[in-house]
Amino acid sequence: MILTLARPVVTFVVLIGAWWAATRLASIPFYLLPQPPAVLHALWQQRVLLASATLTTFSEMALGLVIGTLLGSLCALAMAFSPRLQRWIMPLLLLSQAIPAFALAPLLVLWFGFGMASKVVMATIVIFFPVAAAFSDGLRHTDPGWMDLAHTMGASPGAILRHVRLPAAMPAFASGLRVATAIAPIGAIVGEWVGASAGLGYVMLNANARIQTDVMFAALFVLALMTVLIWTVVDRVLRRILYWAPDSNGAAR
Amino acid sequence: MNDNDARTHRPAPGQVDLPGLRISGLGLQYGSRAIFTDLDLTVQGGEFVVLLGTSGVGKSSLLKIVAGLTRASTGTVTASDGRPLAGRIAYMGQQDLLYPWLTVIENVMLGARLRGERPDPDRARHLLGRVSLHERAKALPSELSGGMRQRVAIARTLYESHPFVLMDEPFSALDTFTRAQVQDLTAELLQDHTVLLITHDPLEACRIGHRLVVLSGHPARLGEPIHVPGPTPRAPDDDALLHIQGHLMRILMEGHRA
């Protein structure tokens with residue numbers, strides 16, 4: 001328990017130390033790489049701006065995560081229930097990935113405005129695919145023995161989906177959701193870069209234009225911290241759901 | 001070879017007459033390759049028949065056809081009482097096939113859950129008691145040993161209360177000693193069922209089968225039935241058993257070479 005807490009702290013301290021040493025020893029100019037105390041100072045100075053920006057970006061990520069996971073799961077379930085539907089949806093899914101989400105960002109801002117909606121859509125698109133792909137894969141690869149047993153017990157296709165294929169696909173769903181959570185900020189931040197009046201991406205872009213590198217780093221730091229926190233919460237919830245598969249999935253404790 | 005009548009091993013009079021199983025003219029073909037052709041086999045009501053064969057001979061496919069999981073190319077499988085087989089078969093696969101997300105007792109009542117029926121926990125607990133796992137009802141399968149898991153699978157099979165039981169090498173993953181124990185339990189608990197078990201283990205066949213049939217060759221055919229004398233489960237050092245086991249081993253080795 002102490003070790004699991006100590007590991008991230010050690011990693012954090014070593015990284016900051018290396019950063020500090022690099023700025024000191026190589027005398028890198030402030031506008032390229034500010035020193036850690038300067039970033040800390042900016043963090044405190046801009047706390048009001050950063051807090052409201054964090055709230056915006058967090059809401060975009062959280063909404064995108066919920067909507068993207070819901071849509072991705074529904075899509076995977078629909079494909080599992082009807083193989084015919086799968087033949088129609090799968091090419092669309094692949095096509096959606098052939099167009100990079102980044103290339104869509106300006107279009108989404110044009111369609112959904114400068115507000116949060118375009119960023120939520122963006123985050124949803126980024127999160128949708130890993131969830132749909134992993135979950136659908138899990139639903140299609142149920143242990144044939146479990147399926148045989150259910151068939152001999154006279155289970156209907158609906159009952160097999162609900163009581164066999166769905167629970168059996170939960171580990172795959174969990175790994176898809178973990179990947180999606182880790183990349184969730186991409187959607188929100190890229191959306192904010194293209195056009196926004198709030199959020200951490202907006203703060204970073206503004207600070208960049210004014211060469212306030214320390215503020216940029218402060219925003220980045222908050223973003224990283226937030227992503228790690230969301231990932232941890234999602235991971236905890238998934239472990240709770242997957243009480244029956246303790247070691248076979250996810251990161252080690 | 002012993003020609004004891006299979007009827008001596010049938011359930012005692014007074015018990016409900018169990019339907020038998022009739023396999024006639026059964027054939028399976030994958031493209032131009034015939035796995036087996038023209039198989040005829042009758043399992044009397046209440047009889048425990050063991051089908052022996054080396055791996056790849058098509059015995060699993062045969063069992064899946066009987067279970068209604070695969071279609072045969074030719075032939076039929078019927079019940080001796082003329083009623084359909086579907087819905088009256090309990091199936092045990094090569095692994096215990098316990099669902100890891102369900103507790104032991106939920107696994108025993110799996111059939112009810114899958115058919116949307118009301119589960120009967122008292123009956124499930126009673127059956128768990130018969131396989132000596134009464135205290136582990138709330139455990140997850142991952143907390144049990146291989147032998148315990150297999151006993152849960154037996155309880156689940158009994159919970160279905162179907163006259164027919166099909167078993168596809170159900171004990172092949174267990175170590176020799178645990179396997180012998182589970183065989184004893186199987187022979188005892190499945191007495192009033194019509195059972196078709198497939199295995200590649202001559203000792204297993206001799207210990208718990210009333211009648212043994214060897215499936216061998218390409219395409220595979222059934223050999224002459226072999227009767228093993230005495231009530232099951234038989235002692236592993238029984239003279240007749242050892243003799244028949246050796247005989248079976250020889251048939252299987254010759255069939256495999258051919």
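Quick reminder: no glycine exception, Cβ is built from N, Cα and C everywhere.
Note: TrEMBL annotation is automatic and uncurated.
The feature transmembrane segment is assigned by TrEMBL to A:12-33 (among others). Beyond the ends of the transmembrane segment (A:12-33), by six or more residues, the same chain brings 211, 213-214 to within a C-beta distance below 8 angstroms of the stretch.
Taken from TrEMBL, the feature transmembrane segment covers A:61-80 (among others). Residues 86, 89-90, 93, 116, 119-132, 135-136, 139-140, 161, 165-166, 169, 173, 176-177, 180-181, 184-185, 187-188, 226-227, 230, 234 of the same chain lie 6+ residues outside the transmembrane segment (A:61-80) yet bring a C-beta within less than 8 angstroms of a C-beta in it.
According to TrEMBL, the feature transmembrane segment maps to A:92-114 (among others). Within the chain carrying the transmembrane segment (A:92-114), a Cβ under 8 angstroms from the stretch's Cβ atoms is held by residues 75, 121-122, 125-126, 128-129, 132-133, 186-187, 190-191, 193-197, all 6 or more beyond its ends.
Within its own chain, the transmembrane segment (A:120-139) has Cβ neighbours under 8 Å at 60-61, 63-65, 67-69, 71-73, 75-77, 79-80, 86, 93, 96-97, 101, 104-105, 108, 112, 161, 165-166, 168-173, 175-177, 179-181, 183-184, 186-188, 190-191, counting only residues six or more beyond its boundaries. The transmembrane segment annotation in TrEMBL covers A:120-139 (among others).
The transmembrane segment annotation in TrEMBL covers A:179-203 (among others).
Annotation source TrEMBL lists transmembrane segment at A:215-234 (among others). For the transmembrane segment (A:215-234), the residues of the chain that approach it from at least six positions outside its boundaries are 34, 39, 42-43, 46, 50, 53-54, 57-58, 61-62, 65, 177-178, 181-182, 184-185, 189, 200, 203-204, 207-208, judged by C-beta separation under 8 angstroms.
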